[in-house]
Structures are given as structure tokens and as C-alpha cells.
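Accompanying notes for the structure given below.
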Amino acid sequence: GSICLEPKVVGPCTAYFPRFYFDSETGKCTPFIYGGCEGNGNNFETLHACRAICRA
């Protein structure tokens, strides 16, 4: 899906949500910390969900 090509967006908020995003350069789902607001679709709660949607 095209959401897998979107850049990682931490957002301006300062909450601490461990999430995963698909890194289009490496072709892998990678952990990052999401701040809690103004993110995009390339933001998954689990590694499994990221891999399932982005086929990593």
C-alpha cells in the first residue's frame, strides 16, 4: 500500500507510544516512538500489523 511509502512522522506531541513504521529504504518494519498526534498512515501498533500491510 502507498501508506508504506510515507515518511516516518513522530509528530509534535510528546507522548511515548512505541510503534513500527515501514522503512522503504531497507524494506523492513522498524520501531520508532510516536508522540501521539499528527502522524500518518505509516504507523503500526505491532510489528505483525506493519509486516502484514506492507508485506515486509
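A Cβ is built for glycine as well, from the same backbone N, Cα and C atoms used for every other residue.
The disulfide bond annotation in Swiss-Prot covers C4-C54 (among others), and the record cites sequence analysis as its basis. Its own atom aside, the Cβ of C54 (disulfide bond) has 21 Cβ atoms within 10 angstroms in the protein chains shown. In three-state terms derived from DSSP, C54 (disulfide bond) belongs to a helical segment.
Look at C13 (disulfide bond): DSSP puts it in coil. For C13 (disulfide bond), the count of additional Cβ atoms within 10 Å of its Cβ stands at 13 [all protein chains shown]. The disulfide bond feature in Swiss-Prot is assigned to C13-C37 (among others).
The disulfide bond annotation in Swiss-Prot covers C29-C50 (among others).
The domain 'BPTI/Kunitz inhibitor' (4-54) scores a mean pLDDT of 98 in the predicted structure. Feature annotation from Swiss-Prot assigns domain 'BPTI/Kunitz inhibitor' to 4-54.
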Using a 10 Å radius on the Cβ of C50 (disulfide bond), the other Cβ atoms enclosed count 24
Closest by Cα to C54 (disulfide bond), out of the disulfide-bonded residues C13, C29, C37, is C29
For C29 (disulfide bond), the nonlocal same-chain Cβ neighbours (under 8 Å, six or more residues apart) come out as F20, Y21, F22, D23, F44, L47, C50, R51, C54, A56
